[in-house]
Every structure is written in C-alpha cells, then in structure tokens.
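Everything on this sheet refers to the single structure shown next.
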Amino acid sequence: MSFNKQSTSANAAMDRMIFWPAVIVVTVVTITMILFEERAKFIIDATFNWLTRDFGFLYQWFGLAALGLCLWLGFGPYRHVRLGGPAARPEFNRASWIAMFFCSGIGTSLIYWSAIEWTYYYSAPPFWIEPQSQMAAEYAAMYGMFHWGPIGWAIYLLCAFPIGYAYYNRGSSGLRLSSGCEGVIGKARSDGTVGRIIDIMMILGLVGGTGTSLASGTPLLSEAIAFNLGITRTENLDLVVVLIWSAIFVGSVSLGLKRGIKVLSDLNLIAIFALCSLIFVFGPTVFMLSTFTNSMGLMASEFLRMSLYTDTIGKSGFPQDWTIFYWSWWVAYGPYMGIFIARISRGRTFRELTIGVLSGGSLGCALFFTVFGNWGVYLQLEGIFPIIEVISEKGEASAVVGLLTQLPVQWLVMPLFIFLAFVYSATTVDSSAYSIATVASQRSEGREPSLVNRVFWAVSLGLIAVVLMRLGGLAPLKTASVIVGLPLLFIMSLSIVSLLKLLRAENAAEKVLKERPRTEPLV
Ligand code: NM2
C-alpha cells in the first residue's frame, strides 16, 4: 500500500526518506523485543550499564554546559536578540506560554516519579550516606528536584535557540532540528541527506523518550482505574488504557477535534492545581514547606557535586542509575521540546526564554516534589503509610494509588487523579505523534501531516510502551531513553555551534540587534 496516496491535497505529503527509515528502525526494534523477550532483557541491562558507565561523564558535562550556555545566551551579549526580529511581539501571554511548555514537556510520569523517586534515594542514597538515615531522608527529599530542575530544563531549552533563530530570524525552511544545524552544515545539506539523518535521530529520540514516559505513566493510571473498579490490574487493562489514548488521538485528528485536546490541556492544568491544593491543605503543609526550604539550601550547596558525581571509585551505580538516566531522558525529548518552545516563542527575547523556561519549568516540577514527594516522606517517617514496604510488596503504581487513599475527600480525589493521569499522557502521546509526523512530512509550512502518518505514530508510541511494560521493571523503560539520547548529544551540540556561528556572523555585520523579521524578503 502506498502511504502517500492517503494524503489529501490539504495535507503535507510524507517524506519517504525520513518516514521509512524511522519506521523500519522502530518496527525492527519493537518486534525483536517481543520475539526475544528473555534475551532482550539481558541485552537491555548490558546496554544500560555500558552506556551509562562509559559515556555517563559526557552526559554530565553536557548537562552542566547546557545550563551554562542557556544562562550565557539569556544574560550575555545576545540577551536582547528577539525571535522574529526587534518588532516581533509574543503570540501568547506569559501565563499561557509557561502553561504550554510545561504541559507539553512533562506528563503523568511526573506524578509517578515525584511520589516515589525519593524512596529509592532513601533506601540506597548517594555519597555513601547511611541508608534510611536522617541524612538519607534529607537528600532523598531534594534529589528529585535536582533531576527535574534547571539542568533538565536547560537541556529542553537549548535547541529552542538555534531552531527558533534559524527559522524566525534567518528564514530557514522549517522548525526542525536539521534547520537548527544550518549554520554549520549549510542550507543545501540541511535540506538533503544529512538533514534527514538528523531529523530521523530526533524522531528516534522522541520515540524512546515517550516510551519511557508512557511505560511509567500507564501502570499508574491503570492501577487507579483497577482500584476504583475493585478489580486487579492486568496487562490487558494496561493495553486498554494505551488503546484508548490512541483512539482519542485518532478521533481528535479525524474529527478535527484539535481544539478539544487544547481544552483538555487547560482542564489538565486546573486538575493539577486542584489535586496539589488538596494534598497541600489536607497534608502536612508546614512539613512540606519546611522540607522544600531545606531542599533548596541543600541543592544550592551540592549543585556542582551532584552535577559531576560519577562515583567511579565507589561504584555505587547511583549517578548512572539516576542522574545520567535522567539527563538522557531530557535529551531524548530535547529537540522536540526545542521545536515546541521555538514554535510558541516568536516575539520573545533570549533573556525571556532563559528566565521563563528555567525558572517556570523548575519551579513547576519542584511543586510536585514538594507536594507528592514530601507528603510521602512525611507519611513514611511518621509511620502513617509505609510507602517503601508497599512498593516492595505491590509495586510502585499501587504505592502511589495507596498514597492518594490517605486523603480525606476520596470522592473527589480519585476521579480527579484518573482524569489528570489520563489527559496528561493523552496530550503527551498526541503532541509527540503529531511532531514526529510533521518531521516525517515534506517541508510545506502550515500544512498538516497526513492522517496515516499521524495515526501510525500515535499507535506505535502506545505499542512501544506496552512492550516496555511487558518486559517489566525499571531497566527497559530507562534504557529506551539512554540509547536514543547519545547521538542526540552530538547533534544538539552541533546546533549550538551553528547558532553561535550565525550570531557571530550577524554581530560582525553589526546587525545583531536589528535582525530582519521573517516577513521581509531574505537575501
Ligand atoms: N522528563 C522531563 O513523561 C514525562 O513527564 C515527559 C520527562 C524528560 C524527565 C518528560
């Protein structure tokens, strides 16, 4: 069947040189994992260990450099550069701008990880701290905020500068990672094979990153549904959840309900605040705020040490299992988020981008860790709800659901949570599938990718998550991001070098503050 025939004149035709290689890689990997499950588990473990141990330091320097670069771009000589030229004005107000990048870059997995991440740190702490000690608890309450903090958001933001600048200020042909590299590889190569390879890498990264997200978010949702229906969670229920997500997507694109998803995202934000407020009010409010304060101090004083902690000598595996895994997960999403942030940031200066994304993103995540994480710490330490024991007996997902049962207004909490978990991941699947389909289409601005293209990716993302969950445990879901992240480290670096070249060239011509807006003819 020719997929191209499916696209109507209103849709952008598929770019076969991007679509097919990406499809083949994804299909071969998925089918191999299904067919050789036992062997796959072994290979996954070995790959995870090898990549995080031998290449981990690269991720750590990359993370720190990303933060340094974003700060330099936001506060250095180029801080006044405005995407779209000096006359451009922002399309979205600041609040919805923050809400948009926060919702698209973060999904249900934040609830999952913010609620249980600390338990791993508490039981097996970094820096050879005594497990389950007072020190372990302090580090445990803080470490999650570090992993979901400024370095992560800097990795997200990093690509937005080159991609946005190339597109809005230099007239590149599209919001793509390949266009962001134009300053180094040149326009012809960026539109040719080299550009296609770069874009395929971006697709594979997003597929891996979404795999990690859905494989952590799905069990949580299906556990909550099972709990409310009074049934036990099974693999089939997980499958049903994933299928419904894909169906929502298929429905929304074929019925033209894109607006519907937008409305859902807004409701999503309201539900987040409602749930967090409930926990905040009914939970140990002062403990949460004080522990947050303590964590901020600890994070500030340990920031560099944590950023470059490899534990090569002690070999605890802590930085490899956590920090390096996290940076690779952020990197896997990096180019996609770079494109997304660029798309919504026309009219904003580099400075606004840096301040907005780094502080808005980090504080948003810190809110979850303050509410869900510190609440869990409190319940455990006070002996009210032994979350660590529940995890080892019943698994992570039921521990999070169990945590929620500690709240008084159950009739409100559970539906709110299910709604939230559902929509939060639905919007992740939808926007990822949509972006992949856009990248896998021929460059024709303003035209939608074809229906088959979009649906194919939505279903594949769900399927990959199901396969990762079937393999079981944290290793497969973590490895999905670690593998795809590595090549992206180099491509993202290339895009930054490219930006610096373009900026320097403009600067040399003394035009840096007077870029031509995109609407003017480009020479
Ligand atoms: N990051 C931010 O599932 C999600 O929340 C998406 C996760 C990369 C750790 C991204």
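Each residue's number is its place along the chain shown, starting with 1.
In case you wondered, yes, glycine gets a Cβ from its N, Cα and C as well.
With a cut-off of 8 Å between Cβ atoms, the residues of this chain six or more beyond the transmembrane segment (18-36) that come close are 3, 196, 199-200, 203-204, 207, 436, 439-440, 453, 456, 460, 463-464, 467-468, 470-471. Taken from TrEMBL, the feature transmembrane segment applies to 18-36 (among others).
Annotated transmembrane segment per TrEMBL: 56-75 (among others), in sequence order.
Per TrEMBL, transmembrane segment is recorded for 95-116 (among others).
Sequence annotations record features per position, and here TrEMBL assigns transmembrane segment to 151-168 (among others). Same-chain residues lying 6+ beyond the ends of the transmembrane segment (151-168) with a Cβ under 8 Å from its Cβ atoms: 62-64, 66-67, 69-71, 73, 81, 83-85, 88, 101, 105, 174-177, 179-183, 307, 326-327, 330-331, 333-335, 337-339, 341-342, 345-346, 350, 353-354, 357-358, 361-362, 365, 492, 495-496, 498-499, 502-503, 517-518.
Feature annotation from TrEMBL assigns transmembrane segment to 197-217 (among others). Remote same-chain residues near the transmembrane segment (197-217) are listed as 18, 21-22, 25-26, 107-109, 111-113, 176-178, 181, 190, 242, 329, 331-336, 421, 424-425, 428-429, 432, 435-436, 439-440, 460-462, 464-465, 468-469, 476-478, 480-481, 483-485, 487-488, 491 (criterion: CB distance under 8 Å, separation of at least six residues from the stretch ends).
The transmembrane segment feature in TrEMBL is assigned to 237-257 (among others).
Same-chain residues lying 6 or more positions outside the transmembrane segment (269-289) and placing a CB less than 8 Å from one of its CB atoms are 99, 103, 367-368, 370-372, 374-375, 378, 407-409, 412-413, 416-417, 419-420, 423-424. Summarising the annotation, TrEMBL assigns transmembrane segment to 269-289 (among others).
Sequence-remote contacts of a segment are chain residues at least 6 beyond its ends whose Cβ falls under 8 Å from one of its Cβ atoms, and for the transmembrane segment (324-341) they are 52, 56, 59-60, 62-63, 101, 104-105, 147-148, 151-152, 155-164, 175-177, 180, 201-202, 205-206, 208-209, 212, 353, 357, 431-432, 435, 478, 480-482, 484-486, 488-489, 491-492, 495. TrEMBL lists 324-341 (among others) with the feature transmembrane segment.
The transmembrane segment annotation in TrEMBL covers 353-372 (among others). Packing against the transmembrane segment (353-372) from elsewhere in the chain are residues 67, 70-71, 73-75, 79, 83, 94, 97-98, 101-102, 105-106, 110-111, 114-115, 117, 141, 144-145, 148-150, 152-154, 156-157, 160-161, 276, 279-280, 283, 288-289, 291-292, 295, 341, 345, 403: each is 6 or more residues past its ends and has a CB under 8 Å from a CB in it.
Remote same-chain residues near the transmembrane segment (411-434) are listed as 103-104, 107-108, 111, 206, 209-210, 213-214, 217-218, 220-221, 224-225, 227-228, 241, 244-246, 248-249, 252, 261, 264-265, 267-268, 271-272, 274-275, 278, 336, 340, 404, 449, 454-455, 457-458, 461-462 (criterion: CB distance under 8 Å, separation of at least six residues from the stretch ends). According to TrEMBL, the feature transmembrane segment maps to 411-434 (among others).
As annotated by TrEMBL, transmembrane segment applies to 455-475 (among others).
Sequence annotations record features per position, and here TrEMBL assigns transmembrane segment to 481-503 (among others).
Between the transmembrane segment (481-503) and the transmembrane segment (56-75), the number of CB pairs under 8 angstroms, six or more residues apart, is three or more, so the stretches are in contact. Remote same-chain residues near the transmembrane segment (95-116) are listed as 144, 148, 156, 212-213, 216-217, 220-221, 265-266, 268-269, 333, 337, 340-341, 344-345, 348, 356-357, 360-361, 364-365, 368-369, 371-373, 376, 387, 391, 396-397, 399-400, 403, 420-421, 424-425, 427-428, 431 (criterion: CB distance under 8 Å, separation of at least six residues from the stretch ends).
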